[in-house]
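Here's the structure we're looking at; comments come further down.
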Amino acid sequence: MREPGFWHRPPSLVSRLLLPIAAIYGNIAAARMQKAGTTVGVPVLCVGNYHMGGAGKTPTTLALVALLREFGETPVVLSRGYGGRLQGPVQVDPSRHSAADIGDEPLMMARRLAVVVARDRTDGAALACALGATVILMDDGFQNPALTKDASLIVVDSHRSIGNGSVFPAGPLRAPLPLQVARTDALVVVGDGAAADGLAQQITTKGGVVLRARLVPEPASVEALRGRRVLAFAGIGDPARFVATLRGSGVEVVEQRAFADHHPFTAEELAELAAAAKRDGLTLVTTEKDLARIGRAQQALGVEIVPFAVTLAFGDEAKLRLFLLDRLNGARAAKLAGRR
């Protein structure tokens, strides 16, 4: 869905008119969040958002995977598979699954590690354990109570933060903020903006950890676009951030097209993009997530679509390492004590 503009502006008449519905939605979401979950035999780390839309969960998940592997862990990502038709539980296989089957983010991540898609997260966790997981990384699912989480890391964009701070549909929040803050163990603030500073202070005050991070373009992606004029397009939570990252890397963005998050590109839309690129002598560039969703349809266009890959770099990686090790050790000690 495309986010309404009023979600990211000071409270307006529209948002105020929607507050009664937001109160009902918030009460239901809060009651659901507080339900008891199933305890899994391995640590469960959740990477989530307070709000609808994207803020960098997937790059954060992949960065955590890299660190966990350095610790000698075998992480398996568990995803709901948003946008896919399969109920699961199923291990994602990039050679036979498409984004229409299991969602764009799971497909993209499955090229790098084991990913399980399941609508029922308890069943998904069982499959992840059967695959040899020593740690389960939930990609999204912070508000879902199905599994007991040993640590919840919430990702927020430093420029957009949580918008107007209201619960859906008056604003972008998935549940009342105080409840979500209370259940947060670490806040990952992506970027160098100040919009999330107040939120970070709330997390610090309650004893949580605040981690600063930034999206760093992969050198190969920057090199592939050197000297080219590009038409950038993206169907992600914040397409403007994608364009800003391109320009910040020295890429000459001549044209840009924004689509809703998880947008299913039609053949007509792709053909129009290809025609515009050919007409103006531009190179099409998009995100890895969008390219996963486009899939084999790219082959019929007659033009190249260059994926622009980014990774998440933490400002204080030692702080993150200590946090992860503490949570992993604490989770294992608690699970061991529970078996006695």
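Note: Cβ is positioned from N, Cα and C throughout, glycine not excepted.
As given in Swiss-Prot:
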type: BINDING; residues: H51, M52, G53, G54, A55, G56, K57, T58; note: ATP binding site
| query | Out of G53, G54, G56, which has the highest number of nearby Cβ atoms, where nearby means within 10 Å of its Cβ, if these are the binding-site residues? | reply | G56
| Around the ATP site recorded as H51, M52, G53, G54, A55, G56, K57, T58, what other same-chain residues have a C-beta within 8 angstroms of the site's C-beta center? | N49, V155, D157, G237
| Do you know which of the binding-site residues H51, K57 has the most other C-beta atoms within 10 angstroms of its C-beta? | H51
| query | For T58 (ATP binding site), what is the tally of other C-beta atoms lying within 10 angstroms of its C-beta? | reply | 25
| So which of the binding-site residues is most packed in, judged by how many other Cβ atoms lie within 10 Å of its Cβ, out of M52, A55? | A55
| Any idea what DSSP makes of T58 (ATP binding site), helix, strand or coil? | helix
